[in-house]
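Working notes for the structure below.
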Amino acid sequence: MNWTLASPEIVLALCGLVILLVGVARNRREDTFLCAMLTLGAFLVTGLLTVSGALGLGFQGQFVADPFAVMVKLLILSGASIAVVLSLDYNRHHGMERFEFPVLTLFSTVGMMVMVSASNFMTLYMGLELMSLAIYVLAAFARDELRSAEAGLKYFVLGSLASGLLLYGISLIYGFAGTMDFSALREALAHPAGTSPGLTVGVVFVIAGLAFKISAAPFHMWTPDVYEGSPTPVTAFMGTAPKVAAIAMMLRTLVTPFHGVLVQWQHVVALISVVSMVWGALAAIGQTSIKRLMAYSSIGHMGYALVGLAAGSQAGIRGLLIYLVTYVFMNTGTFACILAMRRRGRQLEKVSDLAGAGRTDPALALLLAIFMFSMAGIPPMSGFFGKLYVFLAAVQAGEPLLWGLAVIGVLTSVIGAYYYLRVVKVMYFDDASEGPFEAWPTSVSVVAVGSAIFTALFFLFPAPILAAADLAAKALLR
């Protein structure tokens, strides 16, 4: 039974080892494409196993497979697959055709899937470190670029600090509760004598460690430099799948064992949410690099997502999951458009480089405008519905704290709309200083168009995603 529950993770890890052996044995630059295709195949097989696999608790209560884990894992696999597709042309063009890229992405994905199914703090930490160590290397994958090496080093140093905070919090929880198992913690906290100030401090440290992984303010200091310095496909990857995994881990960690003490951690999450929304909205206004703009944008988006977590209700969890689905596709679509910004063999990253794109590159301008409107929360784009369900959950909770969160969220969305619409203004109303961009690679076109279709037409078919999110929320609160 244990092996059946973890079959997606086991199969994906074994596939990673096989692909690694293939890459090492052949060790030819042209085999990078083969390894990437094998990785995508492994992701597909893992996705099928995840959907059709058994549900339950295994490995002596340390691993859980439930509808919540299934939905989040499929979202993680989607984000990882898109990142591998985006890397195909980019790595070849920048002399980074090495088989290690898809392999590292694969092992990072294994760690994320373990995190999502963790029902014990030790399992959680093992998955977190497997994910993080692979991403540290990916951030510095462009070895010949100084800023990429700087991004990897900065992410590693600050990530180690965050892991230390998380471990310290776990040790406090274990010291005061005597267990690291989520179900045992929930039973212990059901009694009035089960809570203590030391346990609360431990939970706060755990929240701080996980907030770093989702780049929520004030634990966001690594985000702008790492986003800008990392290769763009890596930025697209770390901006989606790892954040989905980390915020899902926050959900399972806080809702499953600590739902009985919601009041004690709700204010901490609400504070992080407010700071993230405000800082993300204000700091992005003056950015000239579109990758740094996306970094601050992601900080704000995580603030909006945390509104659903602060609600702590089924509606809040459902809203958060819907938000994550919309976030992944509009984010990866935006980075696909950034990868299409290339002239004379040089990758461009400035907002000003988009000047006049509405006339010189109408397809790129249209797709990027769709993603900008969605991130701003303008209907009928998918980003509007993501924010709508999160804010509705906060309002329906009926608490003054959550009402305040919803109001701040709406206000910061209005502020944030300025820098998203500024990109649209530059594309359609500024004069073009240079000619059109180079022809799009097929891989970039597929991701950009597919993400745009999902983002623009989400309102026509929301039912399957709403139903899956509702089922996942019920499973988490069960």
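Just so it is clear, glycine is given a Cβ too, placed from its N, Cα and C backbone atoms.
Swiss-Prot has this to say about the protein:
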{"type": "TRANSMEM", "residues": "5-25", "note": "transmembrane segment"}
{"type": "TRANSMEM", "residues": "37-57", "note": "transmembrane segment"}
{"type": "TRANSMEM", "residues": "68-88", "note": "transmembrane segment"}
{"type": "TRANSMEM", "residues": "99-119", "note": "transmembrane segment"}
{"type": "TRANSMEM", "residues": "121-141", "note": "transmembrane segment"}
{"type": "TRANSMEM", "residues": "199-219", "note": "transmembrane segment"}
{"type": "TRANSMEM", "residues": "231-251", "note": "transmembrane segment"}
{"type": "TRANSMEM", "residues": "268-288", "note": "transmembrane segment"}
{"type": "TRANSMEM", "residues": "293-313", "note": "transmembrane segment"}
{"type": "TRANSMEM", "residues": "320-340", "note": "transmembrane segment"}
{"type": "TRANSMEM", "residues": "365-385", "note": "transmembrane segment"}
{"type": "TRANSMEM", "residues": "401-421", "note": "transmembrane segment"}
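Contact between the transmembrane segment (99-119) and the transmembrane segment (199-219) is absent: fewer than three CB pairs lie under 8 Å, with pairs separated by 6 or more positions in sequence. If one looks beyond the transmembrane segment (320-340) by at least 6 residues along the same chain, the residues whose Cβ comes under 8 Å of a Cβ in the stretch are 71-72, 75, 78-79, 82-83, 86, 89-90, 232-233, 235-236, 239-241, 244, 247-248, 251, 290-291, 294, 298, 301, 304-305, 308-309, 347, 349, 361, 364, 367-368, 370-372, 374-375, 381-383, 385-387, 389-390, 437, 440-441, 444-445, 447-448, 450-452, 454-455, 458, 465-466, 468-469, 472-473. Spatially, the transmembrane segment (293-313) is not adjacent to the transmembrane segment (5-25); fewer than three Cβ-Cβ distances between them are under 8 Å for residues at least 6 apart in sequence. For the transmembrane segment (121-141), same-chain residues at least 6 beyond its ends with a Cβ under 8 Å from one of its own Cβ atoms are 59, 62-63, 96, 98, 100-101, 104-105, 107-115, 148-149, 151-153, 155-156, 159, 163, 166-167, 170, 173-174, 180, 182, 213, 226, 229-231, 234, 237-238, 242, 245-246, 249, 253.
The highest tally of CB pairs under 8 A with the transmembrane segment (37-57), across 5-25, 68-88, 231-251, 268-288, is held by 5-25. For the transmembrane segment (231-251), the most Cβ-contacting stretch among 5-25, 68-88, 199-219, 268-288 is 68-88 (pairs under 8 Å). Counting only same-chain residues 6+ beyond the ends of the transmembrane segment (268-288), those with a CB under 8 A from a CB of the stretch are 204, 207, 211, 216-220, 254, 296-304, 306-307, 309-310, 350-352, 401-402, 405, 408-409, 412-413, 415-416, 418-419.
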